[in-house]
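Note sheet for the following structure.
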Amino acid sequence: MDATNRNASVTSAQVRTQAAYKNRWRTLLHNPKLLVIAFFASFGGFEYGYQQGVLGQSLVMTRFKDNFPSVVNSSSATGWLTSILQLGGILGSLSAGVLGEIFSRKHTMFSACLCVVLGSYLYIGASYHKPGLLYAGRFFTGVGVGLFSGVGPLYNAEIAAPELRGLIVSFYQFATILGIMLSFWIGYGSNYIGGTGESQKNLAWQLPSIIQGIPAAILACGIWWLPFSPRWLVKKGRDEEALQTIGYLRKLPVEHELVQVEYKEIKAESLFEQRNFEKHFPKLAAKEASNLWAREFAQYYQIVRTWDNFKRVSTAWLIMFFQQWSGIDAIIYYASNVFLSLGLTGGTQALLATGVTGVVFFVSTLPAMAIIDKVGRKPMLIVGSVVMFCSMIIAGVMVAKFRHDWVAHSAEGWIVVAFIWIYVGAFGATWGPVSWTLVSEIFPLSIRAKGASIGASSNWLNNFAVAFFVPPMLENWAWGTYIFFAVFLAVGIVWVIFQLPETKGATLEEMDRVFGSRTGAEDAILLAEARREIGLSMMLEADAVNAVKHSDKVYEKGHERVEEV
């Protein structure tokens, strides 16, 4: 009986989500503040993307090369300067799992802003033949953007309705690519400060970092006006505030059926996870009550305690593994160097080609945000991987054939550049927005912040490896580097097809059904008891479904009357 009720409630939630999905664009027009909040909270993604493009631009600037020859003339030093950002990112993303639970998602983002501002202005303090502050600045910036990556997409996922979650979380990737594109063009423009030769000013390489700190400072000031995550509020026992926040985000009165059902689903999930943890780990649960920090660290054991949780953490980790080893950040970090190696003469021409790369990246992301909740996650990843795989293979073959004489084969060099642009466009339209969406949505409430932070740390750990090893790979392997990344893309296609579940349209509380979790009778009973205790009855859910359908009919009738007039 309990299992039947559980399955029925899941079906009701699915019907409600499907009904709401039909009205998603009208919902956004009626309630645009959700987009504003999501975009503002995604400034952390902007900082992440902007930082990815800044260093690669500097490496080909005359004044930077003159000031820091020990960095530019050594592939290992270049790799360290690039990858120290990732070391900071690993520390920040792992810290986000605990800080995001104790201090809230938005207050953790505030601390991230401070780190980015500090890092941005330490970086420009480096002086002639003294690159120490370059490393310090990039490390602190890495800590900041790492914190952002652990809580930013998670925050957006938790404020979004299920029918809009892919779009809302995609704002993080949208902001990331916007940052990459602007850093490319700012680098291209600042390269002309004082001229492109010996007369070039230090401001040429300093200005991009000066600009980098501005969005972080703006977010640090404005973040106090953002609402708390309603799911974090429920977990902290601030139920009335959570209910008011849901009503504010949905632009509905708190008495509305949709608001009540969403709140009760979150509350029931939280109660279930709490009781499940107390049942299996009574001693750790006792520590939770007495020590705030012990509670948070004790919950890391939840991640490996069951196969269900471990499977989701592994899924998040592998999503970011395959995203990074597709080679995208190798292109983003070292785009200017790559284009120079393809025969584009002079740093300025390479910077121009890099700027176009940023535009392609940005433009390709826009349609992905619109279709991710309709097409689904898996089809987008598969199609994107196939296009990227073909582009890498073709580019690798052409580099192998013509790399010894690009002067005589300049047309072929531009063909390779074109395939790199196709590759970047395919990533921007698929893996970019989809990977961050998946990492932020697949976890149960009890381990969501920590699971998302581990997924983000995978991004940074693998990003570190890519950033560190690619300079010598490009130098020694040349065309083999492209084939190397193509192999990982091929393996990623197989993994997505056979191992990754489709999460389109499921509520955050329904991810257990998607992953086939909680099939045991005891868990089903615990969840059913929690739902009954909270008052999440089938009648209430049915009322919510009818409320969505009614609003749809009202709109259609109004539209028909307008057409008649």
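Backbone N, Cα and C atoms are what each Cβ position is placed from, and that goes for glycine too.
TrEMBL: automatically predicted annotations, no manual curation.
As recorded in TrEMBL, the features of this protein are as follows:
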type	residues	note
DOMAIN	37-504	domain 'Major facilitator superfamily (MFS) profile'
TRANSMEM	34-51	transmembrane segment
TRANSMEM	80-103	transmembrane segment
TRANSMEM	110-129	transmembrane segment
TRANSMEM	135-155	transmembrane segment
TRANSMEM	167-187	transmembrane segment
TRANSMEM	207-228	transmembrane segment
TRANSMEM	315-335	transmembrane segment
TRANSMEM	350-372	transmembrane segment
TRANSMEM	379-402	transmembrane segment
TRANSMEM	414-439	transmembrane segment
TRANSMEM	451-471	transmembrane segment
TRANSMEM	477-498	transmembrane segment
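Among the listed stretches 110-129, 207-228, 379-402, 477-498, the one sharing the most Cβ pairs under 8 Å with the transmembrane segment (167-187) is 207-228. Counted as Cβ pairs under 8 Å, contacts with the transmembrane segment (34-51) are highest for 207-228 among 110-129, 207-228, 315-335, 350-372.
Of the recorded ranges 80-103, 207-228, 414-439, the transmembrane segment (315-335) has the largest number of C-beta contacts under 8 angstroms with 414-439. In summary, the transmembrane segment (379-402) does not lie against the transmembrane segment (80-103): fewer than three C-beta pairs, each 6 or more positions apart in sequence, are under 8 Å. Taking Cβ pairs closer than 8 Å, the transmembrane segment (350-372) reaches residues 53, 56-57, 60, 166-167, 170-171, 173-174, 177-178, 180-185, 187-188, 191, 331-332, 335-337, 339-340, 344, 380, 417, 420-421, 424-430, 432-434, 437 in its own chain, all 6 or more past its ends. Of the candidate ranges 80-103, 135-155, 207-228, 135-155 contributes the most Cβ pairs within a distance under 8 Å of the transmembrane segment (414-439). Taken together, the residues of the domain 'Major facilitator superfamily (MFS) profile' (37-504) have an average pLDDT of 87.
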